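Visitor: I am attaching a structure below and will ask some questions about it afterwards.
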Amino acid sequence: MLDVSIHTKFERSYEFLRDFSFYLVKEEAAGFGKKVLVLDYVVPTPLGTSWGLGGTCVNVGCIPKKLMHQAALLGQALQDSRKYGWQYEEQVKHNWETMVEAIQNYIGSLNWGYRVSLREKSVTYLNSYGEFVEPHKIKATNRKGQVTYHTAETFVLATGERPRYPGIPGDKEYCITSDDLFSLPYCPGKTLVVGASYVALECAGFLAGLGMDVTVMVRSILLRGFDQEMAERIGAYMETHGVKFIKKFVPVQVEQLEEGMPGRLKVTAKSTGGEPEIFEEEYNTVLLAIGRDACTRNIGLETIGVKINEKNGKVPVNDEEQTNVPYVYAIGDILEGKLELTPVAIQAGKLLARRLYGGSSTKCDYINVPTTVFTPLEYGSCGLSEEKAIEGYGKQNLEVYHSLFWPLEWTVAGRDNNTCYGKIICNKHDNNRVIGFHVLGPNAGEVTQGFAAAIKCGLTKELLDETIGIHPTCAEVFTTMDITKSSGQDITQRGC
Amino acid sequence: MAQRLALRRLLSLAPRALPQQAPVARHSRAFSTSANCKSTFNVQDGSDFQDRVVNNPKPVVVDFHAQWCGPCKILGPRLEKMVAKQEGKVLMAKVDIDDHTDLAIEYEVSAVPTVLAMKNGDVVDKFVGIKDEDQLEAFLKKLIGA
C-alpha cells in the first residue's frame, strides 16, 4: 500500500492539455511534499489510434490543430506573396504526410518532456486504466492486463472527453474523428465534416486551406453557445472561401464503396426541417465532430457515490472543484457548467493544489475567460455574447459599438474588404463597462489576450477611447470605435 | 505521439521489408557495412540491456534516441560510423526512449540524443546533443583507452 496523498486518475486521455494542467496539480502538490500518483491511459479509437502523455490538447486538440491551421495560413500567404513581388515558377502543392510527421514529432517531444517533468518532481506515473473499487481505493490495469491497487487520501478526476459517435450504421467502422485526424497517415482527400462545433469548423477550415474538397454538414446552427452574429460571419467567410455547407441535414448511414487510404465512402443524409429530403454523396473521408462526451462512465464513480449528470456524464462541483464526495475533486472538461478550455483546467488545477496543501484560499475565476476559435477567419472573444448580454441586462441597457476593418496586409494582397469585424458590448448602467469583446480577423488570439487583461481590470468605453491605438494594426480599431448598432449607421469601409 | 494499431495490421498484410518493431514501421535501421552489423545493435528490453551492455566485457556506447528527434537522426549514423572505425574495440547499443522508457528514466535521460559511455557496467562518460566526427572519435578513444 503506497503512502499516496494525491492520486490523480485519468482515463483515456489527460485532461491536462498543455504542459501544465495536471503537471501543475502534481507539481504543485509534489512541491508541497505530497506523494503523487498519476494514472494516464488512452483507450484507442475505434480505428486503433492512440497517443502519449499530455492529454487532449497536446495530442489531439489545440496543439496539432493550431499547427495545421498554421499550415493552411501559410498556403494562403504563399498566394498573397506573389502580389508582394515574390516570383517562383513551381506550382505550390501540399504534402499531408510531411506535415503530419513534423507535427507528430513535435508532440512526441512534448510527451517525453512531461515524462521527464513528472520524474523530476518525483511523481509516480502509471500508464494504466483506473477505476474506483471502494472508498479511497482504485484498481489500475495496464495494457498487458496487469492489475495493481492503490489507495490515497485525495483524488482528482481529470479524465476529459472523447468524440461522440452519432449511432448510425458505419460510424465507428468508416468515419474518423479529431482523435484520428491529427495523426492520419494519409491525406483525407474529399472530406465531409459532420457537425457545426468549433472542432468541426476549425478542421473543415484548415482542410480546405490545404487544398481539399470540404463539405460541412450542419444539423441546425453553427457554433451553438457562441455569439451567433459572429458565428454567421465565420460561416459566410468559409463559404466564400471554398467550404461547402449542407444545412439542416444529418447523416443516417455511411457505407464503404472501396477500401483504401483513403477509401471511398457513400454518405446518406436526411433533412431535419420541413420536407423530408434525402441527400447522397461520395467522399474519401467522413470526419465526425458532433460533440464530446465526458469519460466518467466506467471508472467506478458509482461505487464510491460520486454524482454525475446522467445525461452528459459531467461532474457537478462546488466553487472549490469538490464533488459531492469530499475527498474527490474534479477539473477540466468533465466539469458541469464550466468552460472546456485548457488554460481554465490548468488554472483550476494549480489553485486546487495550493488550496489543498499550500494554505491558499484563492478560487478559480471563471468569469471573463477569453477564447479564440481558429477558423480560417479567426474569432476571438472575451466576456458575454450579444445574446447573453441582452438576456442578462436587457437590450435597452446595452450599447454595442462595432466596426468592419480591412487589415493592411490584405490590401496589397487583394483580399476581402469589409469582412473583418469587431464589436464591444457595454453596460450603460455601469460606466459603459465592457462586458463583451468580439473580434473576427487575423491573429484574433493575440489581439484578444491583451483586451482580456483590460476587461479584468474593469475596462470601460471611455478608457478604451482614451487608449491610443497602435498603427497600423487590426487591434487599433477598438480604440476608435464610434458607431453604435443602435444608431443604425453604415459601417462599410471606404478607404484607409 | 500517436500510434495507429489499424495501420500496423494493414502493414502486416502487405509484403514486409522491415523488421517487425512496434509501433509503425518507420524506424528502419539498415546496417550498411558488415563491420556495422557486428558493432551496433538495438536494445530489445531491460534484460537484453543487462546482458549486452552492463555485463559486456567490452566498453559500450549507449545512444538514447527518439523517432521524433531530428538531431538524433544525424548523430545516430555518424556515431555508428565512428564506432565501426574502432574495429570492434567498442560496441554501440541503441535505445529508443519511447520503447524503453524505464531504461531511459533509470539512466536519467532528459533530452535526446544522450550518449553514455559504459565500461564494466558503469557510466564513465556522457554527452547530450550532436557532436562532429572528430569529437566523437575523441570520445570513443577516451573510452577505449581509459
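Backbone N, Cα and C atoms are what each Cβ position is placed from, and that goes for glycine too.
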Visitor: A:G195, A:A196, A:S197, A:Y198, A:V199, A:A200, A:L201, A:E202 bind NAD(+) in TrEMBL, but which of A:G291, A:G300, A:G305 does that record place at the same site?
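Guide: The candidate from A:G291, A:G300, A:G305 that TrEMBL ties to NAD(+) along with A:G195, A:A196, A:S197, A:Y198, A:V199, A:A200, A:L201, A:E202 is A:G291.
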Visitor: Which chain neighbours of the NAD(+) site, leaving out A:G195, A:A196, A:S197, A:Y198, A:V199, A:A200, A:L201, A:E202, A:G291, have a Cβ atom within 8 Å of the mean position of the site's Cβ atoms?
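Guide: These residues sit around the NAD(+) site: A:V193, A:C203, A:L223, A:A289, A:I290.
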Visitor: Measuring Cα to Cα, tell me the gap between A:L201 (NAD(+) binding site) and A:H471 (active site, proton acceptor) in whole angstrom.
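Guide: Distance (Cα to Cα, whole Å): 31 Å.
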Visitor: What residues, ordered by sequence, lie under 8 A Cβ-to-Cβ from A:G195 (NAD(+) binding site) and sit at least six positions away in the same chain?
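Guide: The list for A:G195 (NAD(+) binding site) reads A:V216, A:M217, A:V218, A:L288, A:A289, A:I290, A:G291, given in order along the sequence.
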Visitor: Determine the most Cβ-crowded residue among the binding-site residues A:G130, A:G291, using a 10 Å radius around each Cβ and all protein chains in the structure.
Guide: A:G130
Visitor: Ten-angstrom check, please: count other Cβ atoms within 10 Å of the Cβ of A:K66 (FAD binding site), all chains counted.
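Guide: Around the Cβ of A:K66 (FAD binding site), 18 other Cβ atoms lie within 10 Å.
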Visitor: Give me the Cα-Cα distance between A:S197 (NAD(+) binding site) and A:C62 (disulfide bond), rounded to a whole Å.
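Guide: A:S197 (NAD(+) binding site) to A:C62 (disulfide bond), Cα-Cα distance: 14 Å.
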Visitor: Provide the three-state secondary structure of A:G130 (FAD binding site) computed with DSSP.
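Guide: Going by the DSSP assignment, A:G130 (FAD binding site) falls within a strand, counted as strand.
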